[in-house]
Amino acid sequence: MKLIDQNLINKKMGGRIALNKTFNVIFLIATSLALIVLAILLYRIFTQGFSHLSWDFFQSFASRRPANAGIKAALVGSLWIMAVTIPISLLLGVGTALYLEEYARKNRFTTFIQTNISNLAGVPSIVFGLLGLTLFVREFGLGRSILAGGLTMALLILPVIVVASQEAIRSVPKHLREASLGMGATKWQTIFRIVLPTAIPGILTGSILAFSRAIGETAPLLVVGAFAYVNYLPQNLMSTFTVMPIQIYNWASRPQPAFQDVAAAGIIVLFIFLIVMNSVAVLIRNKFSKRY
Amino acid sequence: MATSNSQTVRDLIKKNKEKRSLLNGVEKAVPIILLLTAIVSILTTFGIVFTLLFETITFFTRVPILDFFTQRDWYPFYGEPSYGIIALISGTLLVTVIAVIVAVPVGLASAIFLSEYASERTRRIIKPILEVLAGIPTIVYGFFALTFVTPVLQSLVPGLGFFNALSPGIVVGIMIVPMIASLSEDAMSSVPNSMREGALAMGATKFEVSMKVVLPAAVSGIMASIVLAISRAIGETMIVTLAGGATPKLTFDPTESIQTMTAYIVQVSSGDAGYGTTVYYSIYAVGMTLFVFTLMMNLLAQYITKRFREEY
Amino acid sequence: MEVKTVIKERSENAEKVDTNKNIVYRTDNLNLWYGKDQALKNIDLDIYENEVTAIIGPSGCGKSTYIKTLNRMVELIPIVKTSGKILYRGKNIFDKSYRVEELRTQVGMVFQKPNPFPKSIYENVAYGPKIHGIRDKKIIDEVVERSLRGAAIWDEVKDRLKENAYGLSGGQQQRLCIARCLAIEPDVILMDEPTSALDPISTLKIEELVQELKQKYSIVIVTHNMQQAARISDRTAFFLNGEVVEYTNTNKLFSNPSDKRTEDYITGRFG
Amino acid sequence: MEVKTVIKERSENAEKVDTNKNIVYRTDNLNLWYGKDQALKNIDLDIYENEVTAIIGPSGCGKSTYIKTLNRMVELIPIVKTSGKILYRGKNIFDKSYRVEELRTQVGMVFQKPNPFPKSIYENVAYGPKIHGIRDKKIIDEVVERSLRGAAIWDEVKDRLKENAYGLSGGQQQRLCIARCLAIEPDVILMDEPTSALDPISTLKIEELVQELKQKYSIVIVTHNMQQAARISDRTAFFLNGEVVEYTNTNKLFSNPSDKRTEDYITGRFG
Amino acid sequence: AACGNGDDSGSTPEQQNTEQAEENGNTEGEGEGSDDLAQLEGEVGIDGSSTVGPIMEAVSEEFGAAAPNVKAPIGISGTGGGFKRFVVGETDMSNASREIKDEEAQQAEENGIEYTELEVAFDGISVVVNQENDWIEQLTIDELKTMWIEDGTATKWSDVNPEWPEEEISFYSPGTDSGTYDYFNEVVLEDEPVAKAATLSEDDNVLVKGVQGDKNAIGFFGYSYYLENKDSLKVVPIVNEAGEAVEPTAESIESGDYNPLSRPLYVYVNNASVKDKEQVYQYLKFMLENAGDLAEEVGYVRLPEDKYNEGMETIEGLR
Ligand SMILES: Nc1ncnc2c1ncn2[C@@H]1O[C@H](COP(=O)(O)OP(=O)(O)OP(=O)(O)O)[C@@H](O)[C@H]1O
Ligand SMILES: Nc1ncnc2c1ncn2[C@@H]1O[C@H](COP(=O)(O)OP(=O)(O)OP(=O)(O)O)[C@@H](O)[C@H]1O
Ligand SMILES: [Mg+2]
Ligand SMILES: [Mg+2]
Ligand SMILES: O=P([O-])([O-])[O-]
């Protein structure tokens with residue numbers, strides 16, 4: 001009457017367990033693969049660029065002589081761009097996410113917005129460059145300014161921030177909202193005092209990753225009109241500027257081999273920037289992830 | 001003391017109630033303000049479409065739309081130019097397909113490892129490192145493809161050109177691995193533990209649980225991550241510009257040099273083409289094609305998420 | 001006017017025990033649907049001042065739904081539809097003009113799972129006064145202390161008011177939630193299985209607390225623990241499949257239920 | 001050898017009722033820690049063949065932890081550490097050489113919340129046989145039918161085997177999970193509060209099912225419903241704070257507990 | 001100041017001069033008002049060719065030392081991209097590696113932009129082969145054309161000259177949208193399509209690498225890229241109009257012996273800007289005074305001195 005042959009089961013057990021072990025190793029190798037690539041990449045860049053990395057490198061502007069070339073203008077330019085991009089993309093992104101998650105009813109219009117956002121997330125960055133050029137540089141008359149560049153970048157990463165924020169807002173436990181509403185708090189009070197503070201770690205981790213993408217973007221700013229050579233620091237939002245990736249691209253395409261090392265040094269700086277930002281994201285995530 | 005204060009609190013609240021009109025105003029204004037921010041995303045899309053559309057139309061007044069889609073060659077710079085987008089599309093697809101072949105198995109395997117096998121600690125260390133990989137500027141990847149991957153491949157694959165679709169394809173694949181790994185891992189982690197327990201309690205191995213329970217349950221999230229990664233691969237610019245060559249060509253041979261749609265846009269927008277020339281307008285037509293491509297990919301992603309979503 | 005006559009009529013039919021007590025809540029032919037599923041059917045139920053009213057019944061019978069209707073929290077679920085009336089202090093809470101924030105200020109709620117905010121202990125309790133526009137630091141300090149004392153947790157937390165509330169044990173968190181609720185000095189407190197996630201000792205503490213609080217507040221408590229209902233409540237309603245099967249004096253319900261189903265339930269025949 | 005002497009010694013101390021029954025599980029001085037918190041303390045407990053063993057106790061006393069140790073599911077939580085022995089059919093399941101997949105094939109488990117896979121009803125039941133390498137479609141078809149019959153759900157689902165399991169009601173899902181568990185013909189079935197999320201009627205069905213299943217299987221069931229334990233089990237263990245306070249014949253435990261704490265608990269003094 | 005180019009066989013006197021001037025916080029030893037420059041303010045909008053870019057960056061670098069309050073950033077949107085901005089008046093100057101095209105000139109006219117063309121340096125397009133290539137001694141323009149056009153007649157070296165090996169030629173060329181390609185196209189290919197087998201890249205360093213690693217390679221690119229890699233590449237002398245085979249060197253390019261592959265690099269200036277903006281005028285002046293030295297320093301070839309003087313006169317004429 002027994003349909004299940006326990007002997008058969010036992011016989012097969014060994015093979016299944018071995019299969020599991022094998023795949024454990026395969027999966028581990030696959031994961032390491034990406035890490036190995038990262039390691040090779042880092043190794044190559046560091047060995048090439050490290051010698052050029054000195055205090056002077058941060059203190060000098062670009063120069064036709066590799067030994068004098070520094071990243072000052074590009075570094076500060078990148079910071080300025082981020083100073084525009086971060087608040088604007090956060091405000092718009094979190095606002096949109098709040099609207100979609102907290103206020104919008106499920107209807108055609110919100111589905112449309114949602115579709116639209118995920119579609120924007122896939123639009124190639126260079127297309128955003130074309131948009132920024134037409135809209136901000138030309139139509140709004142902002143010229144090739146930090147403001148125009150920062151706004152373009154803000155639009156570029158906006159969809160990513162919206163999606164990350166939605167995710168974070170959605171994962172705020174319902175019972176916290178209920179607790180607040182249950183005390184007679186209004187909807188906005190609940191959102192502002194409970195939902196947002198609780199969602200902030202999630203919003204920030206998602207957003208910081210988006211910001212680090214913005215820091216590394218070359219193509220859209222090339223189109224919007226970042227300069228390749230700038231030997232002064234920006235003074236206000238209407239100043240002209242350059243950013244690190246463009247500076248690096250410029251160096252890398254110089255004929256003098258020494259500039260290749262300068263480019264590598266520039267990449268290291270960009271990397272450090274990236275890693276600092278990512279670490280902040282990780283810290284925030286780890287610090288708050290256990291809560292509630 | 002206490003009682004007197006008790007009065008105070010209730011009364012205070014009552015009193016504040018009466019001047020709550022401000023709060024009511026805020027309550028009414030906030031959704032409108034937030035709606036406005038949400039509309040920015042729509043405006044952005046309209047902005048993109050209009051930016052592309054006008055120039056695209058100009059382009060099509062000079063080059064018949066039929067030629068654009070049916071000619072096999074993309075030679076915009078010669079005496080008798082030919083604008084057959086298929087050549088650029090084939091370059092794009094070739095790179096994308098290679099990237100997907102690299103990224104999907106590696107990305108999924110990493111996702112499974114992180115979500116099902118790795119300890120919490122390992123996951124907490126590895127995931128952020130993978131994310132660094134996703135944030136590396138693409139020009140860095142581009143030089144990496146050119147100066148490292150291509151030479152390595154040349155020693156492995158005889159007859160591999162200096163520029164080819166293979167090397168940037170692989171590197172684009174590596175670039176999108178973290179995206180697939182991270183998003184799929186999220187999807188898999190959100191499969192309730194109770195399901196894993198159910199299978200494990202029947203004597204299933206981790207591998208069986210991963211393949212037969214977790215993967216199918218997370219399939220919509222995984223598919224969405226893949227489609228997203230694909231649209232990122234389609235839109236990738238600098239890597240293919242640097243390592244793919246600049247020869248548009250209708251080919252499916254990965255050892256040949258190609259050009260993608262994005263690389264063409266970069267070539268022209270940082271190049272020599274005169275303002276107002278047909279070549280200049282052609283980048284908008286190509287941009288439009290790209291936009292339509294990503295739009296289709298996204299609609300596909302949405303369809304997939306809906307279609308394959310497992311209810312649990 | 002209409003309201004008053006209704007009240008009179010009903011009082012005559014009701015048990016004669018407590019007619020001299022004030023009615024806080026009067027539920028009048030309440031029906032509630034989640035989409036197409038009816039979760040509450042023709043509920044008529046009066047809740048009296050300074051009493052503990054227990055609601056018991058098997059899982060899914062509508063206890064939580066009912067209690068969440070009393071402060072209109074149930075409306076957070078968009079598919080919910082209601083008919084009938086709930087009069088709180090004589091006013092229909094479903095009236096268009098009734099402001100739900102006001103209702104919820106007067107009617108506090110304690111949930112099944114302790115749900116403190118991810119803030120400091122102090123901030124948790126101060127939250128209510130603050131959102132209601134009280135800014136004066138002195139008053140708030142006093143309110144916090146008094147509420148924590150009121151919830152019998154002051155001594156345990158007074159030295160770590162600035163610490164995160166999630167460092168507290170489950171039972172302490174639940175008392176903190178009660179304190180948070182007391183801080184705005186509500187009129188009624190609704191409790192949905194407040195001890196079901198707690199250990200025996202914490203449970204005991206909260207039961208004692210409830211007994212004390214009823215001097216000043218009217219309390220409605222949902223519980224699946226019949227002994228608990230018997231121990232702490234003055235009046236008990238037995239729900240089954242969205243209906244009130246029996247609603248009467250607690251002693252009577254447990255010693256001499258008038259409905260067979262009540263008897264089956266309290267003797268553990270099901271649930 | 002050592003094992004046997006232990007068994008003898010113990011049997012002498014134990015109630016004399018069932019010494020002639022076979023022991024399926026012998027727990028020997030089991031201790032378990034979550035990190036630094038000890039959740040189980042010196043547990044000694046024998047589980048007998050073709051009996052229903054109930055485990056009761058207040059929330060957090062370690063019931064789930066214990067039952068999950070029996071099939072080593074508890075090890076999925078990385079911080080868990082154990083000491084002591086659990087002998088299943090005479091072999092220590094903590095032995096290095098003991099394959100946990102094998103253990104879990106013999107020992108089925110049903111969880112508190114029904115957890116069918118997001119697949120068709122048929123696939124849910126076929127899952128076990130399939131992963132264990134049974135390919136023959138005919139056999140699987142038969143296994144599926146028999147298991148569903150065994151779990152008393154066949155009639156309700158036979159016409160929609162291809163439909164997704166999530167279309168079933170909670171009670172049906174739980175019976176489906178039992179069917180899934182029966183499909184690999186285990187020796188023991190562990191159940192962790194299998195009815196606590198269910199309505200009274202489904203609960204009744206499952207209780208009846210358990211009574212039937214004990215003809216063929218040995219069953220360990222955790223429940224917080226004391227009446228349920230009294231109704232369906234042969235033997236009951238009362239857990240408190242990670243310890244076994246009392247373990248004896250169910251009738252005896254409920255009618256004449258030998259420990260004051262047991263009495264307090266079963267009379268609803270706490271929990 | 002440390003001179004970065006260790007391989008520079010010695011700085012020209014002018015260069016030393018420049019460096020000294022830098023140390024003194026001063027510009028060239030021109031007698032005229034360095035104080036004026038120091039007080040000068042404003043912005044000079046420059047964009048255009050990435051080929052000309054490095055020269056202008058050097059100019060801006062030096063000019064910036066003399067006139068710290070003038071902002072003269074350099075964009076490298078490409079010759080076409082630069083003109084796109086120039087013809088609508090967004091920029092004051094546009095760098096170009098070719099002459100302005102009719103379409104662009106027309107746009108400028110429509111927008112009322114008047115401009116002047118200045119030459120700043122020479123670039124000698126260098127034709128190179130792999131170092132192991134021992135068969136090529138020189139090439140004529142016709143031979144180049146036979147090889148490079150896509151008409152199927154020459155795919156192997158032996159198709160060009162039967163004495164050469166029977167191996168496929170691999171071609172390396174700058175991107176088809178670059179000024180360098182454009183010039184090559186005009187002079188050598190005469191507007192016929194380039195060989196489809198050609199490998200194209202926007203980055204000349206990539207072409208250098210390609211030719212270095214491929215025995216059958218032939219490629220062409222800007223003089224500076226050859227100069228920096230002359231030890232690892234073999235440059236091909238090109239038979240000029242006078243019938244002599246000439247290698248690209250600073251002298252042969254400057255003197256015009258290296259023809260027809262040497263080409264001038266241009267800067268277009270907006271006449272109105274010169275007139276209205278003091279800083280633009282000063283910048284141009286500074287540029288014309290120093291362009292020769294700076295161009296050499298970044299790997300290009302200076303123009304004969306009177307070309308610069310000519311330019312200076314034109315500029316003065318616009319004031
Ligand atoms: N959000 C919801 N959407 C749809 N149906 C719901 C929802 N919440 C509850 N219900 C249904 O309403 C009925 C009553 O649920 P309710 O939560 O009030 O029961 P309960 O008596 O509180 O049970 P428990 O003791 O398990 O908390 C149940 O049948 C339940 O399935
Ligand atoms: N994953 C875990 N990590 C740390 N501690 C845990 C974990 N799971 C349970 N515990 C602790 O172990 C103790 C016993 O928990 P267990 O879940 O076994 O209780 P239980 O008797 O099943 O309770 P309930 O009736 O609520 O299910 C509790 O104090 C609990 O806090
Ligand atoms: Mg409930
Ligand atoms: Mg449990
Ligand atoms: O940037 P170019 O126009 O000189 O190629």
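Glycine too: its Cβ is placed from the backbone N, Cα and C atoms.
Positions annotated as transmembrane segment by TrEMBL: B:29-54 (among others). Within its own chain, the transmembrane segment (B:29-54) is flanked in space by residues 284, 287-288, 291, which lie at least six positions past its ends and keep a Cβ under 8 Å from the stretch.
According to TrEMBL, the feature transmembrane segment maps to B:83-108 (among others).
Marked as domain 'ABC transmembrane type-1' by TrEMBL: B:89-301.
The transmembrane segment feature in TrEMBL is assigned to B:129-149 (among others). A Cβ distance under 8 Å defines the sequence-distant neighbours of the transmembrane segment (B:129-149), meaning residues of its chain 6+ beyond its ends; these are 110, 167-168, 170-172, 174-175, 177-179, 181-182, 236-239, 241-243.
Residues annotated as transmembrane segment in TrEMBL: B:161-181 (among others). Nonlocal intrachain contacts for the transmembrane segment (B:161-181), taken as residues 6+ away from its ends with a CB within less than 8 angstroms of a stretch CB, comprise 91, 94-104, 106-108, 110-111, 114, 130-131, 133-134, 136, 138, 141-142, 144-146, 149-150, 153-154, 225-226, 228-230, 232-233, 236, 239-240, 242-247, 253-258.
Sequence annotations record features per position, and here TrEMBL assigns transmembrane segment to B:213-234 (among others).
Beyond the ends of the transmembrane segment (B:279-301), by six or more residues, the same chain brings 48-49, 51-56, 58-60, 62-63, 68, 76-77, 81, 83, 85, 88-89, 92, 223-224, 227-228, 230-231, 234-235, 261-262, 264-265, 268-269, 273 to within a C-beta distance below 8 angstroms of the stretch. The transmembrane segment annotation in TrEMBL covers B:279-301 (among others).
Sequence-distant contacts of the transmembrane segment (B:213-234) (same chain, six or more residues past either end, CB-CB distance under 8 Å): 92, 95-96, 99-100, 103-104, 107-108, 111-112, 115-116, 172-173, 175-176, 179-180, 182-184, 186-188, 190-191, 195-196, 198-199, 204, 261-262, 290, 293-294, 297-298, 300-301, 304-310, 312.
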